[in-house]
C-alpha cells in the first residue's frame, strides 16, 4: 500500500505539469498575438519589443513554457492588464473568499445529502425515498445561477431579509464572523450547496442500499444487534466512497462557483474571472484558472490517498 | 469513485453490464420499449421535451411578436399584460416570443457539444480500450489531464481565452465532455474485449476493424449512449451559464442564459419576469436528466 500511495503521489507531478501547460496554452490559443495579451493596445512599439524580449516571446514555444513555468513556481503570475497590479495580489484575497464560500456550501450540502441519502437508502421505496430522490434530481438539474436569482427575488426583493450582494456591509471584502458579514454569506452558500446536496444524496442512497443488502447485515440482525449498532457498521462501510465523492465536490464547487459569485457579486475568484473575461485581461484569467486547477489536482490526490488509507480493501497495484 | 486515475465503481459496473449484453436477444429493444412505456416519469418528461422541441421549431409561427423589435414605451411590463402574456424585457421586447426563439439556441448549444463529444469520445475510447498498450496509455493519460479541471472551470477557461461566440462555446463544451465519454467508452470496451466471442472472432481470422465494428460496438454503444444523454442536462446548464457570463451568445440574439443575464438588472422592477428564462433552462435540464435515468433503467445499464 505504501508503494501505491507513493506512486499515486508521484503521478500528481506530471498531471500538475500538464495542467500548467494547458493553462499556458490558454494565452496561446487566444486570437491575436499573445503579446497583445500582456501589453495594453496603446503601448509604443519599442515598449512592445522590450516586453516581448522580457517575456521571452521571441523564443520557441517549449522554451517559453519553461520560462513561464520558472516564474510561476516563484509565485509570479504576471501583471493584470486592467489594473497593472501583480495578478497574485488580487488573486490571494479572492481565493480566500471563494474557498470559504465553497467550504461552507459543501459542508451544508454534505450534511443535507448524508441525511437525505441515508434516510432514502434505509427506507427504500417509501415516500421519504421518493422525496429525497426528487430533491436530488432537482439539485443536480437546477441552473444554480438561476436559483441564486430566485433566492434574491424571494429573500432580498420580496421579503427584504437578507442582502443580495457582496460579502459585507458597504461592499467590504474583508471577512469577519459577525452577523453583518454572515448574513451576506447565507444566500450564496445555500445556492451553491444544492449541487453537492444532490450528488451526495444519490451517492449515499446507493451506498446505503447496497450495504443493507449484504449478507453481513443480515447476519448482524440475526445476531440480535440493535439498529444503532448496525447503523454504525453501515456508516463505516459507506464512509470511504462517500468521503471521496464529497472531497471532489468541494473541488468542483471551487471551479463551479464562478456563476454564483457573479450573481451575488461575491468578491471571490468567480467575480475576478468574470471581470477578467469582460476586460479580456488574459493574465488574470490564466493565473486564476491555474491556481484553481492546481487546487483541484491537489484535492484529487488527497481524496485518493485518504480513500486508500480508509479502506484497506482497495488494493491498487 | 471517479477520481483522477482510477475508473469509478460506476464505470466498472458499466463494463460488467456490457459483458452481460451479449445475452441480449432480438427482443431486447422490444423489452426496452415496453419498460419505457410503463415508466410514467419518463413518459411525462419525454412528452414535455417533445412539446418544447415542437414549440421552438415552430417558434416563428407560434410567436406573437418579433423577437428583436422592442419599444421604449413598453419596457418591463408585468406577467399578464394584455398582448404580452409573459411581460416584456428591458428593451420592451415580448418575453414569450424571445423564450420561444431563445430555446433554439439554448437547445442547440446544449445538444451539439454532446453529439460531437459522443462521436469523438467513443472513437478514442473504444480505440484505447481495444488496442490497449501504448495507444491506451497515450489517450488515457491525456484524458487524465483534462479531468484535472472542474468542468465549469475548463469551459470558462477555454471560451474565455477564445473569446465570446457560439462556435467557441460549442468548441469549449465539446472539449469538456470528450474526456468524460472517453473514460466510460474505454472501460466498457475493456470489459467486452476479453470476452470469448471476441476471441472466437479473432481466431476465425477477423481483422481488428471488423471485430470492433461487428462485435464490440454493438455491445458498448448502449452504455455510452445512456451516459451521453445524462450529459445533455449538464451541457445545457453550462452552455447557458457561459452566455450568462457574456461568453457564448452575443446580444441581441435571444438565448435563455443571455436573457437571464440582461434581465438581471430588472430584478427589482419585474422580479418574476426576470427569472422566467432560467425556469425554462431548469425544466429542460430536469427533463433530460430524468429521461436519461429512465433510459438507463429501461436499457438495464447500471451506473
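Placed from the backbone N, Cα and C atoms, the Cβ positions cover glycine too.
Note that the structure is a prediction, hence the values are computed from the model and not measured.
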Correct range for transmembrane segment (source TrEMBL, candidates A:185-204, A:205-224): A:185-204
Contact call for the transmembrane segment (A:242-264) against the transmembrane segment (A:99-120), three or more Cβ pairs under 8 Å: yes
Range from A:9-30, A:99-120, A:132-155 with most C-beta pairs under 8 A to the transmembrane segment (A:284-306): A:9-30
Same-chain residue ranges lying at least 6 outside the transmembrane segment (A:132-155) that approach it to Cβ under 8 Å: 113, 116-117, 119-120, 161-162, 164, 187-188, 190-192, 194-195, 197-199, 201-202, 205, 256, 259-260, 262-264
